[in-house]
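The annotation topological domain 'Cytoplasmic' is assigned in Swiss-Prot to 1-131, 225-468, 513-626, 682-739, 798-965, 1041-1113, 1292-1319 (among others). According to Swiss-Prot, the N-acetylmethionine annotation covers Met1, on the basis of a large-scale study or a structure entry. Taken from Swiss-Prot, the feature zinc finger applies to 31-100, supported by sequence analysis. According to Swiss-Prot, the Zn(2+) 1 binding site annotation covers Cys39, Cys42, His66, Cys69, on the basis of sequence analysis. The Zn(2+) 2 binding site annotation in Swiss-Prot covers Cys56, Cys58, Cys90, Cys93. Annotation comment: Swiss-Prot describes 132-152, 204-224, 492-512, 627-647, 661-681, 740-760, 778-797, 966-986, 1114-1134, 1169-1189, 1214-1234, 1271-1291 (among others) as transmembrane segment, evidence class sequence analysis. Taken from Swiss-Prot, the feature topological domain 'Lumenal' applies to 153-203, 648-660, 987-1019, 1135-1168, 1235-1270 (among others). Under the heading compositional bias 'Low complexity', Swiss-Prot lists 291-306. Under the heading region 'Disordered', Swiss-Prot lists 291-315, 329-381.
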Amino acid sequence: MDVDSDVNVSRLRDELHKVANEETDTATFNDDAPSGATCRICRGEATEDNPLFHPCKCRGSIKYMHESCLLEWVASKNIDISKPGADVKCDICHYPIQFKTIYAENMPEKIPFSLLLSKSILTFFEKARLALTIGLAAVLYIIGVPLVWNMFGKLYTMMLDGSSPYPGDFLKSLIYGYDQSATPELTTRAIFYQLLQNHSFTSLQFIMIVILHIALYFQYDMIVREDVFSKMVFHKIGPRLSPKDLKSRLKERFPMMDDRMVEYLAREMRAHDENRQEQGHDRLNMPAAAADNNNNVINPRNDNVPPQDPNDHRNFENLRHVDELDHDEATEEHENNDSDNSLPSGDDSSRILPGSSSDNEEDEEAEGQQQQQQPEEEADYRDHIEPNPIDMWANRRAQNEFDDLIAAQQNAINRPNAPVFIPPPAQNRAGNVDQDEQDFGAAVGVPPAQANPDDQGQGPLVINLKLKLLNVIAYFIIAVVFTAIYLAISYLFPTFIGFGLLKIYFGIFKVILRGLCHLYYLSGAHIAYNGLTKLVPKVDVAMSWISDHLIHDIIYLYNGYTENTMKHSIFIRALPALTTYLTSVSIVCASSNLVSRGYGRENGMSNPTRRLIFQILFALKCTFKVFTLFFIELAGFPILAGVMLDFSLFCPILASNSRMLWVPSICAIWPPFSLFVYWTIGTLYMYWFAKYIGMIRKNIIRPGVLFFIRSPEDPNIKILHDSLIHPMSIQLSRLCLSMFIYAIFIVLGFGFHTRIFFPFMLKSNLLSVPEAYKPTSIISWKFNTILLTLYFTKRILESSSYVKPLLERYWKTIFKLCSRKLRLSSFILGKDTPTERGHIVYRNLFYKYIAAKNAEWSNQELFTKPKTLEQAEELFGQVRDVHAYFVPDGVLMRVPSSDIVSRNYVQTMFVPVTKDDKLLKPLDLERIKERNKRAAGEFGYLDEQNTEYDQYYIVYVPPDFRLRYMTLLGLVWLFASILMLGVTFISQALINFVCSFGFLPVVKLLLGERNKVYVAWKELSDISYSYLNIYYVCVGSVCLSKIAKDILHFTEGQNTLDEHAVDENEVEEVEHDIPERDINNAPVNNINNVEEGQGIFMAIFNSIFDSMLVKYNLMVFIAIMIAVIRTMVSWVVLTDGILACYNYLTIRVFGNSSYTIGNSKWFKYDESLLFVVWIISSMVNFGTGYKSLKLFFRNRNTSKLNFLKTMALELFKQGFLHMVIYVLPIIILSLVFLRDVSTKQIIDISHGSRSFTLSLNESFPTWTRMQDIYFGLLIALESFTFFFQATVLFIQWFKSTVQNVKDEVYTKGRALENLPDES
């Protein structure tokens, strides 16, 4: 808040208190404030001079507030309550705060007419000026700027081409550009539609460019602020001071120091720096404990580090306490010692001996002139390079001073009635104020006048944009100039440069291609290819397909660019600029490596200018790298997943198996929208897949099985950090691997059923929608109906508290069954079953496949005394009564015990061990280190990983583990397919059965067999037996969600019986020492009783309607309904009312009329009037939508009944009531009029209204009395409506004007008052 606003607030508060004190009844307003009540702003109680008020609907401890506190809060929001009509709302209850206006004693009872008239005229002109300014600003900035952008783009394109699309017609070329359509006409409607298309395209382009710039800026800002970035810079260019420079700098700062001491200091600082670097390198290496004892890697630690000499450590600590080698040293001496302000001008020195105590150290000071000679660039970038020893000293001194300052300030605050602590003004050796000390003072709250006396009165930087007519035009001109310059920089120049680059690249590519062609023929490879095609004809077919589809398209684009025949293509137009940008990025990346070549941690770069250039280039390189990775992961992945879902699921179901994709066909009206559709589909799939993985991870499988899929709770997840330090190739390979896994799940999981199994193997259409119900456009009713049905079905299923526990029960059973059959219970579930630790060997095939149970019962010690395979074969020959033996196999293995283990720790896992946890084979740590070093890249040692959860379990792993694991994944896919297909077909069969045998007979009985509704429903029911019906599936799944309750209770009962049943043959399962999970969503205890009390439909209704999205959609629907009704009413009133009356009067008076609708002349020739009517109607509809939006935000948090009541009342007032008042009388008059007119006289009804058409019918020789009466009543009705509205508006205007004049001329002030209690 600036000084002027403080003065205004104080003056306003004093005036209001003065006015309030003059009122005799002010004190009575606060009699209801209870004792102990406090102000919610200052927490103070009420006094006689400063009472408490409750001016809003807040209750409880936040009910009351002081008037002075409220005025300060209002002033902080830049609201002037002294202005007429100023309104302040509470931030908590959003209710207007109650103020009482106090008028002057000499205010007359009636406002003088002259004053009222003058104020009204001034107010009218002021509002007209404001409306004109706002309208002009809206037109220029919202409409004009995008069109200017579009026209400059076309102008630059014509400059690059050297010709215009329509030679000789610059205006047409500027409006239409390079369009594929036929030669357009310069008519008003055609130009308007073209400008509308240009505006929509440019707006999308502008939004994407803004998003791109914001993303790049914030990523750049985050990167340079990341801690690891400064370490990466240090790794590339090292410290600014080499050992030689460090010695020379120490010698310059301490000229009295001998060479031996300088050598010692430089060596100690260098040793400490190397020690820090070695600690960083050790992060890549494996724990040293694993090298000493390969059997203990649970708690890794480094035991091989040699002990350090305590004297060396103490020497270096003494070194750290040496006074700073910069100007902060003088400030420290002045603050801590309270010595005189005189500073020595000569060269002072003190000798520091190794091992001396820090208490005996003497401060060293350097000359002020030497410090002034220090380069400014060196000071600017000191904080960016952490390991530099001198910078480390400076940072430590600055931190100590800051801590001392904070402590002193805190002590001063804690002492009662203590003066505010103000740091003394620090001066350097040259006598200048130290800016760092000023920053410290400002950081702890020192007033600006004390921190820097020269900066008094300077407030925050605010862009002062005043809304004036000339300013609007000036800002628009600035925007036009900026648009021209920006497009020239971002489009014109890069495209021009790209032309030359593409010529170079195409030339190089041609040379390489010709060389490859010559090599192909000279090496005789064409002979081998011809022989291969004769042996395998499919090779020739595949190469022909590649040539026709891929190579042909590439050649087509190449010819279109080189011959300039594809001027309308956006890709061809963007190719040169894109080439320039990619080349620039490559140059930046290469330049950063070139500038830093020859430098490193051992050999630092000392040139500050070169360091600055490298830091800029390196920051840009990192920004491009991170942006590419983020774009691939956030946009590329979802879009690619959406394309694969379209190929494997949506296209076969909603289109045809003969087609590849379906989404581009429904987005034909605007092809770029298909990318958004793909992104939405892919994002939703990835979200649901992540939820499925989370459910399995949390409730079913053992912790640590999915360690390769990072958990959201993983402390090692540092996205920006990992994106910076890991090589681009490694990260791209990980992304490709993730996308490959998604592709397997999508293409094989869905595409096998929709494109192979059902259409080809089963020859069935059960996974295909009937042709009549396939959506063809994204705006068609079929598509939107399917979309809404799927959305509400999802909401209903999620609202059921039985579906999720039932799904968890299903997958627990599946995983338990599959793991037991594959002997993976120990590895997957964490339950060690002894019977799975081997296999049973039978005497022969008869006992193995026919009499397996008898063979197992023949050995009473089958599992208690296992045998080897040789022992079993020997016993089969010796013991004839035993037909089966248990032979153990497999190994025990170390596996991660958590999903959030560190990456380096995982490298030591999955090794076989004995029962005593002894390694069967020593770890090859050197190979692991080398592999980690290759994978980590140049900055891998900077990767700091959390090792808190680095522990392991010992589990049993059977033979052929990989095959069994892949089989488990296949079984999971099989049972997921059974679940999805089973629910789909059961749901459709259920609803089809109910409709065929329940609803259809009733409809046939009520409506008859030939009724259209019955026939259509009967055809749909017949088709549903052989085709997929999405509506039946959705309704049936909702019904099954109700049945899920009974299924869940039945399975719980079965589980209870199974738990009490005793199986003599079952061997007890031994669970690992694994912590118990938190069982969320327990099936019995977590069941929502709302469904049992109110019924499932009320629960579903409550869950759906409580959604903010549903409320928003309801608001949009009501706004559209109101807009449609208001448009229809306006059209009827205009045509059947106003223009009909106008035509009747002009025909009766002048014998003809200016406007005709019956012959469609008004539509053909009077386009300007139609445009004006459309603009007025659009403004009215916009106002209606804005009112509905305000109503939605005002009531979005209310209950559903109040929200429905409010929106329905708004629809009634704005829609139906308006229609009844204005349209119903006209319709009644029209019906009465038509009773007296023969059918032959009613012509051209399709082009206009009946009454208006009949009024212009030339077949009427004379006007009948009924016609005169009709038009007379119509004129009377319209006149009455007009004068009634004018009267209402005049009364409202008069009351508002009188009140505004009172508030502006006679207002003495406004005082706070209590909110009246609701009775």
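Each Cβ is built from the backbone N, Cα and C atoms, and glycine gets one as well.
Highest Cβ contact count with the transmembrane segment (966-986) among the listed stretches 204-224, 740-760, 778-797 falls to 740-760 (criterion: pairs under 8 Å). In this structure, the C-alpha atom of Cys56 (Zn(2+) 2 binding site) lies 13 angstrom from that of Cys39 (Zn(2+) 1 binding site). The C-beta environment of His66 (Zn(2+) 1 binding site), restricted to residues of the same chain at least 6 apart in sequence and closer than 8 Å, consists of Cys39, Ile41, Cys42, Gly44, Ala46, Asn50, Pro51, Leu52, Phe53. Of the chain residues outside the Zn(2+) 1 site list Cys39, Cys42, His66, Cys69, Arg40, Ile41, Arg43, Gly44, Asn50, Leu52, Met65, Ser68, Leu70 have their Cβ within 8 Å of the site's Cβ mean position. Cys69 (Zn(2+) 1 binding site) carries a helical DSSP state (H, G or I). Remark: the transmembrane segment (740-760) contacts the transmembrane segment (627-647), by the rule of 3 or more CB pairs under 8 A. Apart from Cys56, Cys58, Cys90, Cys93, the residues listed for Zn(2+) 2, the same chain places the Cβ atoms of Pro55, Lys57, Ile62, Asp91, Ile92, His94, Tyr95, Ile97 within 8 Å of the centroid of those Cβ atoms. Of Cys58, Cys90, Cys93, all annotated as binding-site residues, the residue with the shortest Cα distance to Cys69 (Zn(2+) 1 binding site) is Cys90. Listed in sequence order, Cys56, Lys57, Cys58 are the same-chain residues at least 6 apart in sequence whose CB falls under 8 Å from the CB of Cys93 (Zn(2+) 2 binding site). For the topological domain 'Cytoplasmic' (682-739), the number of residues in each DSSP class (helix H, G, I; strand E, B; coil) is 37 helix, 0 strand, 21 coil. The candidate set comprises the binding-site residues Cys42, Cys56, Cys58, Cys90. Of these, Cys56 has the most other Cβ atoms within 10 Å. All protein chains included, Cys69 (Zn(2+) 1 binding site) registers 17 other Cβ atoms within 10 Å of its own Cβ. For the topological domain 'Lumenal' (648-660), the DSSP counts in helix, strand and coil order read 7 helix, 0 strand, 6 coil. Note on the topological domain 'Cytoplasmic' (513-626): DSSP counts are 92 helix, 0 strand, 22 coil.
Beyond the ends of the topological domain 'Lumenal' (987-1019), by six or more residues, the same chain brings 1025, 1028-1029, 1032-1037, 1039-1040 to within a C-beta distance below 8 angstroms of the stretch.
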